[in-house]
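According to TrEMBL, the features are:
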DOMAIN    39-440  domain 'Major facilitator superfamily (MFS) profile'
TRANSMEM  44-63  transmembrane segment
TRANSMEM  104-123  transmembrane segment
TRANSMEM  130-149  transmembrane segment
TRANSMEM  169-188  transmembrane segment
TRANSMEM  200-221  transmembrane segment
TRANSMEM  328-349  transmembrane segment
TRANSMEM  355-379  transmembrane segment
TRANSMEM  386-406  transmembrane segment
TRANSMEM  418-437  transmembrane segment
REGION    478-505  region 'Disordered'
COMPBIAS  493-505  compositional bias 'Polar residues'
Amino acid sequence: MEVTQNSDNNDRKFALPVDSEHKATVFRLFSVATPHMRAFHLSWISFFACFVSTFAAPPLLPIIRDNLNLTATDIGNAGIAAVSGAVFARVAMGTACDLFGPRLASSSLILLTAPAVFLSAIANSPAAFLMVRFFTGFSLATFVSTQFWMSSMFSPGVVGTANGLSGGWGNLGGGATQLIMPLVYSLIHSHIGSTKFTAWRIAFFIPAIFQTLSAFAIFFLGQDMPDGNYVRLEKSGEKHKDSFSQVFYHAITNYRGWILALTYGYCFGVELTIDNIIAQYFYDRFNVNLHTAGIIAASFGLANLFSRPGGGILSDVVAKRFGMRGRLWTLWVVQMIGGLLCLLLGIVGSLSASIAVMLVFSVFVQAACGLTFGVVPFVSRRSLGVISGMTGGGGNVGAVLTQVIFFRGSRYSTEEGMMLMGVMMMCCTLPILFIYFPQWGGLFCGPKKGSTEQDYYLSEWSKAEKEQGFHKMSLKFADNSRTERGKKGSSAPIPSNYETSPTMV
C-alpha cells in the first residue's frame, strides 16, 4: 500500500506510512521498500561486511601467530590497532554524514578500506600485520553512517528498533567471522591442498571481496533521505547546506553526547574487546581445539542476532509508556547488570560455567548498545551525525583503553582483566544519572515546567538562520518527538506559543 504525503506542494508516494519528515512510522523487517527498508538492508549488510573484515584475523591467530612469529605483545598491539583506527574515523564519519549524506560517506569509506583487507594476505611481519589490522579497522566507522541513516529514515517511535537491528545485525559479523574464517581456511587447507601458512592468506580474499561489493551496492542502490540525496535536496532548496563549524559546535557543547560516548565505551567497547580475546582465551585456558574455540567465540558475537535489536526494541517499547525517562532507566539497569556479569565471567573457572555466563553476558552488553542508540537520535537534530560519531568513537576508545590496561602484555591474566573490565563497566555507567532533557526529564527529575521540544531543538539555530527558514527540519522533528513525553505527557496541551511546522498546518 502506498502512502501519499504532501510537503512543500510536492506529492510524494512511499510504500510505508510516514510522518511530516517523510520518515517511516512503522518498521517492516521483511520489506525492501524504497527508500526506507532498502536503506535498512543496505546499511546492516555493509556494516556486517566491515565487521567480518576487521575481525577476520582473531579466529586464525593460532596459525598466523606461528607463521609471523607473533608474541603475546604483538597480538595485543594488533588487537588494539584494529579498534583504535576507528576512533577518529567515527567522529569524521559523523561529520561527513551531516555535510554530505550517509550514502556517499559510507560507500567511500568502505571502498577506501577494502585494499587493507586484500593486503592482509601478503603481511610478512608483526609490523605489517599490525598495519593492515589498523587500516581495516577504519571500516568500523560505517557504524556511524548506519545509525545516522536509520535515524534519517525512521520516526521517533521506531528509530530504536531500526538502530538496534541495523547495528546488531552488523555486529553479528564479529561472531559470524569466527565461523566463516576457520571454515574457509579449512576448505582451502584440506580440500584444495594449500599449506596452512598459505591457506590463511588466501582466506582473506573472501571478506575483502564481500566488503568491496557492499560499497558499490550502497552507492548505486542507496538514498540519503526519504526525499532524495543531499545533492539534489540542497540544489532544490529543500535542505539547507549546513556549515561544519556550526554542526561541530552544537555537538561538542552538548554534554549529553559526551556522557553517552563514555557509557558506550563500556558496552560496545567491552564487546569489541571480547571479540578480540575470547577465542584465544578458551583455546589457551581450557585447552579446546581451534574449531571449538571458534564456535564458542562465535556464540558471543552471534547473540547480536537478537540481543542488540532487542535493546533497541525495548527502548521503543518503554518509551511508548514512560518516554525518554523510560529509555534512560532501562539503559542504566541493563548496562549495570552487564558489568556484574562481566565480573562474574572472570571469576568462574570451569568451561561449562564460563560458556553459560558468557552467553548471558553477551545478551546484556549488546542490549545496552541497542538501548544507547535509542537515546542518541534525540540528543541533537542539527548535529545528529557528529553526536553519533562521538558516541560510536567512544566505543572504540573504551575498547582501546581496556585492551591497553588489562589485556596487553602479562601484567594481568585474561580472567583478571575480565573482572576489572566488569568493574570499570559499572563505574562508567553511573554518569547516565546526569543526563537530563528539559522537555522530558532524567532518571530522577521530571521535565522543566513550560519547556517544550521546540525550545530544545530550535536553540541550535540562530535568529538569522530561523528567519531564512533553515530550522524547518528541526521544527518537524520537534513536532514528531513529542512522543518522548510518554503516555501521560503526550496528551498534555500544546503551549500557546508553540510554533507549528508547515506540513502540520
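Glycine is treated like the rest: Cβ placed from N, Cα and C.
TrEMBL: automatically predicted annotations, no manual curation.
Between the transmembrane segment (418-437) and the transmembrane segment (328-349), the number of CB pairs under 8 angstroms, six or more residues apart, is three or more, so the stretches are in contact. The transmembrane segment (200-221) and the transmembrane segment (328-349) are not in contact, since fewer than 3 Cβ pairs between them lie under 8 Å (pairs 6 or more apart in sequence).
The stretch in closest packing with the transmembrane segment (104-123), judged by the count of Cβ pairs under 8 Å and taken from 130-149, 169-188, 328-349, 386-406, is 130-149. Within the chain, the transmembrane segment (130-149) has long-range Cβ neighbours (under 8 A, six or more residues past its boundaries) at 39, 43-44, 46-47, 50-51, 53-54, 57, 74, 77-79, 81-86, 89-90, 92-94, 96-98, 102-103, 105-106, 109-110, 112-114, 116-117, 119-120, 123, 163, 166-167, 170, 211, 224, 373, 376-377, 384-385, 388-389, 392, 396.
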